[in-house]
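Participant: I grabbed these lines from TrEMBL:
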type: ACT_SITE; residues: Asp33; note: active site, proton acceptor
type: ACT_SITE; residues: Asp173; note: active site, proton donor
type: BINDING; residues: Ser8, His64, Gly140, Phe141, Gly142, Gly143, Asp173, Gly174, Gly175, Gly195, Ser196; note: substrate binding site
type: BINDING; residues: His31, Asp33, His64, Asp173; note: divalent metal cation binding site
Amino acid sequence: MGMRIHPSLLSADFANFQRDIESIPSADGLHLDVMDYHFVPNLTFGLPVVEAIRKVTDHHIDMHLMIDDPDRWAPAYAEAGCESVTFHVEACKAPVRLARELRKLGARASMGLKPQTDIAPFEDILPELDMILLMTVEPGFGGQKFLDIMLPKVRRTRELVKKSGLDIWIQVDGGVSESTIDQCIEAGADTFVAGSAVFSADDPDGMIRTLRERAEELSAHCH
Ligand SMILES: O=C(CO)[C@@H](O)[C@H](O)COP(=O)(O)O
């Protein structure tokens, strides 16, 4: 199983995105959090900033839309050339239709779940998805404590994906660090968002390599 580390730019310097992106060449993807003050109690940036970032990097751009009405706003991120786009199912009116539209536009379609949202009701729509994002903190802010109570959901999601036989990435987002990544790997995650753990490290790029080596080593034993 491929293991991916996606640093979250929420913990980067908002006045120096390009500099901070260039400091992490080892990243498997850049996780960009769009927040709208409605779906979550925080505000970050939107499409114009993402388009500007697209111009200065060839990295896989992993959009995480923590916004109301993703049915309306998400396709533009795929059109802008982002490789994956996560919409939150709690805010989405027509997840199947949106996932199909994202794929048609060339992006990986991803469904995000807040901590209290169960995966079971969505089993039938797995064939429409390329990734499932499981929040391991309440969405809205970086630097929060990892909720280990989410691990059974990661496990259940891995079981459903395994049963489906589909190649769907399972992303964990929130509080992922050197001290919590092992539990996520054991539970079945393969894509790891790390914001503060990467950008508060003395060597952000080294931290990405450390996390990925750990993930690769441990997953070889677990899965
Ligand atoms: O989506 C979010 C927060 O809502 C995350 O992407 C955070 O940015 C992760 O930051 P850390 O918990 O790793 O500091």
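Using the three backbone atoms N, Cα and C, a Cβ is placed for every residue, glycine included.
Predicted automatically and left uncurated, TrEMBL annotations should be read as such.
Each of these features: where is it, how hidden is it, and who are its neighbours?
Facilitator: Residues within less than 8 Å, Cβ to Cβ, of Asp33 (active site, proton acceptor) and separated from it by at least 6 positions along the same chain comprise Ser8, Leu9, Leu10, Thr44, His64, Met66.
Non-local contacts of Asp173 (active site, proton donor) by the CB criterion (under 8 A, 6+ apart in sequence, same chain) comprise Ser8, His31, His64, Gly112, Leu133, Leu134, Met135, Thr136, Val137, Val193.
Secondary structure at Asp33 (active site, proton acceptor), taken from DSSP and collapsed to helix, strand or coil, is strand.
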Participant: Cβ neighbours within 10 Å, counted over all protein chains: which one of the binding-site residues Gly140, Gly175 has the most?
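Facilitator: Its Cβ has the most other Cβ atoms within 10 Å: Gly175.
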Participant: Taking Ser8, Ser196 as the binding-site residues to compare, which has the smallest set of other Cβ atoms within 10 Å?
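Facilitator: Counting other Cβ atoms within 10 Å of each of the binding-site residues Ser8, Ser196 gives the minimum at Ser196.
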Participant: Give me the long-range Cβ neighbours of Gly142 (substrate binding site): same chain, 6+ apart, Cβ under 8 Å, in sequence order.
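Facilitator: Same-chain residues close to Gly142 (substrate binding site) (Cβ under 8 Å, separated by 6 or more) are Ser8, Leu10, Ser11, Gly195, Ser196.
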Participant: According to DSSP, which of helix, strand or coil covers Gly142 (substrate binding site)?
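Facilitator: DSSP assigns Gly142 (substrate binding site) to coil.
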Participant: Under a three-state reading of DSSP, tell me whether Ser196 (substrate binding site) is helix, strand or coil.
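Facilitator: Looking at the DSSP assignment, Ser196 (substrate binding site) belongs to a helix.
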Participant: Enumerate the residues of the same chain, His31, Asp33, His64, Asp173 excluded, that satisfy the criterion Cβ within 8 A of the mean position of the Cβ atoms of the recorded divalent metal cation site; list them in sequence order.
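Facilitator: Other same-chain residues near the divalent metal cation site: His6, Ser8, Leu10, Leu32, Asp62, Met63, Met66, Thr86, Leu133, Val193, Gly195.
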